[in-house]
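Enquirer: Here's the feature list from TrEMBL:
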| type | residues | note |
| --- | --- | --- |
| SIGNAL | 1-23 | signal peptide |
| DOMAIN | 65-293 | domain 'Glycoside hydrolase family 19 catalytic' |
| DISULFID | CYS154-CYS166 | disulfide bond |
| DISULFID | CYS266-CYS303 | disulfide bond |
Amino acid sequence: METKHMCLLVITLLFLIVSIADADTSPITVKKVKGKKVCDQGWECKGWSEYCCNLTISQYFDYYQFENLFSKRNTPVAQAAGFWDYKSFITAAAIYQPLGFGTTGNKTTQMLEIAAFLAHVGSQTSCGYGVATGGPTAWGLCYNKEMSPMQDYCDESDKYKYTYPCAPGALYFGRGALPVYWNFNYGYLADCLKVDLLHHPEYLEQNATLAFQAAIFQWITPLKKGQPSPHDIMVGNWKPTKNDTLSHRIPGFGATMNILYGERTCGQGDIDDMNTIVTYYLYYLDLMGVGREQAGPHDVLTCAEQKPFNPSTTKKDSASS
């Protein structure tokens, strides 16, 4: 993956996004570029993209569905009550819809991707309260930062001393919709999003749109060259190699867990950590009207038998590790 190219695409699109509050449903404008059909749908999918010829996210996933998925997030016991909202998600998503986020394929494919992305978000930001309060799946987006961090996640080794040095007073514990840890990951996202997260990591707990933006960037960007992004997996862009097949890695929700969490979650059978994330995905599919039967069989839905893409995962392997 040419990460510099991806960063430039994101930067180019940033100035095109206008406020959702002032936007009505925009008509599709169509033209052909070098014989290829491309479209523009105004504020939500702007920039003459083939993906903008498809449904936009707000056309199949609305405010009320967002509220149903994250129904307990604004209760008094939620740490981030009042922080996360639908407007912030759609505004952030609008930056990436011209790149195919939530706009690739038919409506079912689009909804499967959004359900998968939000299932990871929900499971990683959940308070996890019990059945008496709606069950743990109702508590996604309860947090926007790590509570009681065990360390400051500052790596001062020679590898990062000159590229992403720890800023005085900055703490790099987990923050955001797909929590970001470590100075080098905040620094990398700072370069790509053009926001000074290295010196101000707290921005991810102060701005919900930015927090969603950082999460979607992680979702659509391959971790390493030659590996798929979670987005690639969910929309059918990834074709497993012979080694992938021998490692039981196949397209589906299970492989997105493999990319995001590696051996912490995958290749260990049906462990609780993996099953919890799967539960969110199935629950969200039902609430969105897709139906859990679309998730596929056990070996597609889970990563129980998959060998990790990146064995012996270390703190340096992921922005959300």
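Cβ coordinates are placed from backbone N, Cα and C, and glycine is handled just like the others.
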Enquirer: Could you measure between CYS266 (disulfide bond) and CYS154 (disulfide bond) for me? Cα positions, answer in whole angstrom.
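Expert: Distance between the two Cα atoms comes out at 27 Å.
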Enquirer: Please name the residue among the disulfide-bonded residues CYS154, CYS166, CYS266, CYS303 whose C-beta has the most neighbouring C-beta atoms within 10 angstroms.
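Expert: That would be CYS303, with the highest Cβ count within 10 Å.
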Enquirer: Measuring Cα to Cα, how many angstrom lie between CYS303 (disulfide bond) and CYS154 (disulfide bond)?
Expert: 30
